[in-house]
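The structure under discussion appears below in the form of structure tokens.
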Amino acid sequence: MTSTPSKSRKSSKGSKAAKAAASAPETRPLAKTPPPFRNRVVDKKGLKQLVAWAYKHHGTAATSAMADQLKDLGFRYATQAAVSISVNDLKVPEAKQNLLGQAEELITATEESYRLGVITEVERHTKVIDTWTETNERLVDAVKKNFNQNDPLNSVWMMANSGARGNMSQVRQLVGMRGLMANPQGEIIDLPIRTNFREGLTVTEYVISSYGARKGLVDTALRTADSGYLTRRLVDVAQDVIVREDDCGTSRCILVKAEDGKYGNRLVGRLTADQVVGADGEVLAERNTEIDPPLSKRFEKAAVQAVSVRSPLTCEANRSVCRKCYGWALAHNELVDLGEAVGIIAAQSIGEPGTQLTMRTFHTGGVSTAETGVVRSKLEGTVEFGAKARVRPYRTPHGVNAQQAEVDFNLTIQPSGKGKPQKIEITNGSLLFVDNGQAIDADVTVAQIAAGAVKKSVEKATKDVICDLAGQVSYDPSIQPREVTDRQGNITHKAQRLGRMWVLAGDVYNLPPNARPVVTAGATVTEGQVLAEASQASEYGGAIRLREALGDSREVQIVTTAMTLRDFKLQGESTHAGEIWNLEAKDGTRYRLNTIPGSKIGSGEVVAELNDDRFRTQTGGLVRFAPGLAIKKARSAKNGYEVNKGGTLLWIPQETHEINKDISLLMITDGQWIEAGTEVVKDIFSQTAGIVTVTQKNDILREIIVRSGSFHLCTEKKALERFQGDGVMVNPGEPIAKGISTETMVYVQTVETPEGSGLLLRPVEEYTIPNEAQLPDLGHVKQPNGPHLGLKASQRLAFKDNELVKSVEGVELLRTQLMLETFDTTPQMTVDVEAVPDKRAKTIERLQLVILESILVRRDTISDSSHGSTHTELQVEDGQSIKAGEVIATTQILCKQEGVAQMPEATADEPVRRLIVERPEDTLTISTNSQPVVTVGQRIVDGEELAAGQPSDCCGEVEKVDSTSVTLRLGRPYMVSPDSLLHVRDGDLVQRGDGLALLVFERQKTGDIVQGLPRIEELLEARRPRESAILCKKPGTVEIKQGEDDENTTVTVIEADDAVSEYPILLGRNVMVSDSQQVTAGELLTDGPINPHELLECFFEDLRSRKPLMDAAQEAIAKLQHRLVTEVQNVYKSQGVSIDDKHIEVIVRQMTSKVRVEDAGDTTLLPGELIELRQVEDTNQAMSITGGAPAEFTPVLLGITKASLNTDSFISAASFQETTRVLTEAAIEGKSDWLRGLKENVIIGRLIPAGTGFSGFEEELKAEAGPHPDILAEDPAGYRRMQNLRPDYTVDMPAAPAGDATAVLDDPSDADMEATRSRHGIEAGSNFAAFARPDADNELKEEQVVDAEAVEGLQEEGLLSDE
């Protein structure tokens, strides 16, 4: 049975299948004719066609067997022929050296014209890259030719050529050249890899090569993730598109136009929407004809220009697509079944090739525009432009001056001799390389014809021009620089015209900031002469100290102010914590130094602190200020509070233990009296006796406080209330309660203990704080004109009134500190702390505080390139005393080589910072044989004539002309393009490596700047591009108005009803229309990416003025849909991926199915609501019947993410993104989910409504079968119906003998057969195909009633399936 294929399967693949189908008659008996014999090379494409043909004619089983045999065949012959690759198979073509040589020559020429300032840096770069790209292409051709002619059976060549593995670009890298690589930013490196993998790469090339390779790997890794996410979004948006109807009956359709008279695969698998009539009037197909490849070919033969077909885009089935609009299911080339989940198939078809797309965004700096549409002259003659010709000067990206046509016209070349003139059609935007009336030779490039009206969009890019030699800048007058002030008020200079900027050679010296030139402009200088001098002076004066030299500079210190503490001895002692320095006064008081000698301190910092134990407490406690004690308010308590006025400080000791452990470790109770040394918590002991207070929170012990004192039980309510809370100070002799009094001052508090309430009398310690710190006289040092220096003592309290000090150990209550005071205007002045021996007793060290002024003096430098030689002289000696403003050192800048000094004019705000010496080698005197033809001040480049027949061999400016010689000042020209930013002014001096200008150039935005996956995503998510093009809102005629300052342009469109709309064009935008051109709605007025939302709006607004709302919406959406489908297809096609249109259409249908309600009219809709177009249509129809006001709406385009979140099913939306938001909204709005899609059903665990779970599936089976009795219901022991038989081909059997239900039955007799036939109305001619009956084991056996013709007949009618 395998060889009798099923229902003729139609193949969308190759032409062979088509031929086979066409050659066989339509109603052929199966496989009676032998298959046609084909003898040709079967490469990858042929193999595809062969398998497709086998599948179409012979079904799956036969095809898979054949494929297996083909595989074995391939392996067998490959083994016999021993096809393998060795190094010797990689044959490098002979032509390679030659091609590389030509490229090198071209590039040398380009570099030369750059050096001569004929082209700009940008044009050079573009030209170099284009040259290499072209060389690479030519090399590929050479490789192909080499293999084809010399070694067609080469393993590498066969492999790549047959499509088994690899492609031409890989072969190119193996035996051609690796070519240009991009750096990680996507810019092309203009150093190509000239070698291939066979020859091996040099080190440089290897590094550049790995650049590109790394990028490829990273790309692939990112691509898989991106592509997966894209697929997920697509599945989510289209998962509920299921084929639910047979025919929606719509009259709408889409038009598929032939491209170059061919349809390719674009019609295959679609159904026609109208009659298709050929050019001669013959009807080729009726409505709803399935188009298979042969029919598509017939359309092409009959020259049908466009076919209207049904499409998912226009299908009117509710919430789904119907079979007729969808067409073939491409898996088995027949009309799609009901219940097929076409949405998911579409999503996967678009998402799966995602991994094959590139992620690249290339910034090529002008893509190779090498030889597009170049027209050469065929004869010698004179060029004539037509009468209506309009051209404007244009400079090509390679720096060639040409003219660009502004209108379409004809160019003729009138022959100089006999012959027919050559006519060339010039289109708008084409480039002309000849002038009107110019005489030209044959085979000269005349023009480059622009491809159609594709004005490529351009973007602005910049490139720096870097100076190659030091010298003086001089502009060509042609540049016409102008000042431009931007919004921030910065002034920049811009070139207005194309021109050269010269740098005339010379030795440029950078002067230090405070140097002044000592030579005059134009003076002749000799080597070693002083050009400029800089001096360094002291600000305050003082004693000089010279330090050793460090590196290339030397420090001179000037002691401005010094102060020695004569009354103190300085003593250092070492401890384990480092060195501690003490100051000891004559009376024995000691201060601890806070800094160490040799360090620097600032004003207000603490120098030393008094060592004083009088104010140290035993434990923590409470601070109380007695009246009279006052402190300064301080911003931060870090350094304590300064005492304003002395007095008494009261201290109530208490011991605080911070614990922060579990409560179970507590060993005492709250309120208990404990003795000193009691363990309160494991391993923590009390230092004093007293009453314990325990603080706890959440079963964690926070603190334990021990308050010492004497405790008295007390029942007197009044007394207890008086001392409640914080407690009260009680002076000696004051009564406290009955029987309780005190001799000293106490602090009384009420406490609760396990024994009962009582009063705790806590001891109070008194500390007397003096008004001023008692310190020896420190004195101040005052300078008449320098900074002052002094020390002052201050007392600082560590705590403020009522502060509780939580501590177990004691604390310092009062600190006495020595602080530094500089009374000076310079806050940043630092003071050095030094230890100096006493002048009288050398063994005793004293503390000295000095203020130093430090000056760095540069050493002599032997000529470094930019400063020239410098020579520095110190004017002072060690220990010398100087006054303020005296010079300490002078630096002289010496001339390196003799010459003539020049310098720019000095102005008040701009002192001279550079000067230039014009050396002998910067000029060149050339003797001429005849009178020179140049004038002084003229600028010459290589090749220009100095005198008759004497070209110059260098660039420069003419300085002197004699009758027999010319003196040139050498220089280097740089071409700058219009609108470039000039970084230097005319006459400025520049060093080598300085930036001269920033070239602003336009580079073609190639369509693939955003290509591959990011572009697909951009389209499907309907992203709004950043700088989108300006679109025309209404059709009309264009008028272009230039603004007065040449900057802003306005495009006005005069519409049909004489209304005028103005479109102001921003700076830097190119206008894409010309004057008096007719434009339609949605047409581009400027270049740039299109905003699809805006486009839809333009279409809708325009149509709405002419058509009813519903039609306008549908037509606007249809236009946008067509555009989206084409754009997406273009991306995939550019990568060589073929996807059937219908898949993209299913997705686009989902993106454009909604409209936004603008005005609800009398309907129940809400303004701003997104709703399906169909629903609004139904609602508005109801309104027109009842006479209510219909709803107004505008169509919207939703990106796939937005569309997924806006589906009717909230379960599906919530499972996609923003779960909480979707569910909350659904709950608030009380939404119901009708479970129409697949996802919803999967999530709640039901059968999905597609395939066999499709609700219409059962009914469809029954409807096909017609009414019939169920045999089993009549007679359980009789024959059963087999699955693959149509119900009406079932045999009724006589009942089994009553005794045995499982008896083996005899074959039915003729009479039985006759009876069954008559009962079911089956004509007598037809035999039964098959029947089944239970045998002894009650298992069904299938038997054939042998009648081959009947079987084939049934199969032909499609009533029997393969099995």
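Every residue, even glycine, has its Cβ placed from backbone N, Cα and C.
Model, not experiment: these values are computed from the prediction.
Swiss-Prot lists C315, C322, C325 as binding Zn(2+), and of C248, C467 the one it places in that same site is C248. Around the Cβ of C248 (Zn(2+) binding site), a 10 Å sphere holds 19 further Cβ atoms from the protein chains shown. Cβ neighbour density within 10 Å is lowest for C322 among the binding-site residues C315, C322, C325. Highlighted in sequence order, E245, D247, T250, R310, P312, T314, E316, A317, V321, R323, K324, Y326 have their Cβ within 8 Å of the centre of the Cβ atoms of C248, C315, C322, C325, the residues recorded for Zn(2+), and are not part of that set.
A strand conformation is recorded for C322 (Zn(2+) binding site) in the three-state DSSP classification.
C315 (Zn(2+) binding site) carries neither a helix nor a strand DSSP state and counts as coil. C248 (Zn(2+) binding site) falls outside any helix or strand according to DSSP and counts as coil.
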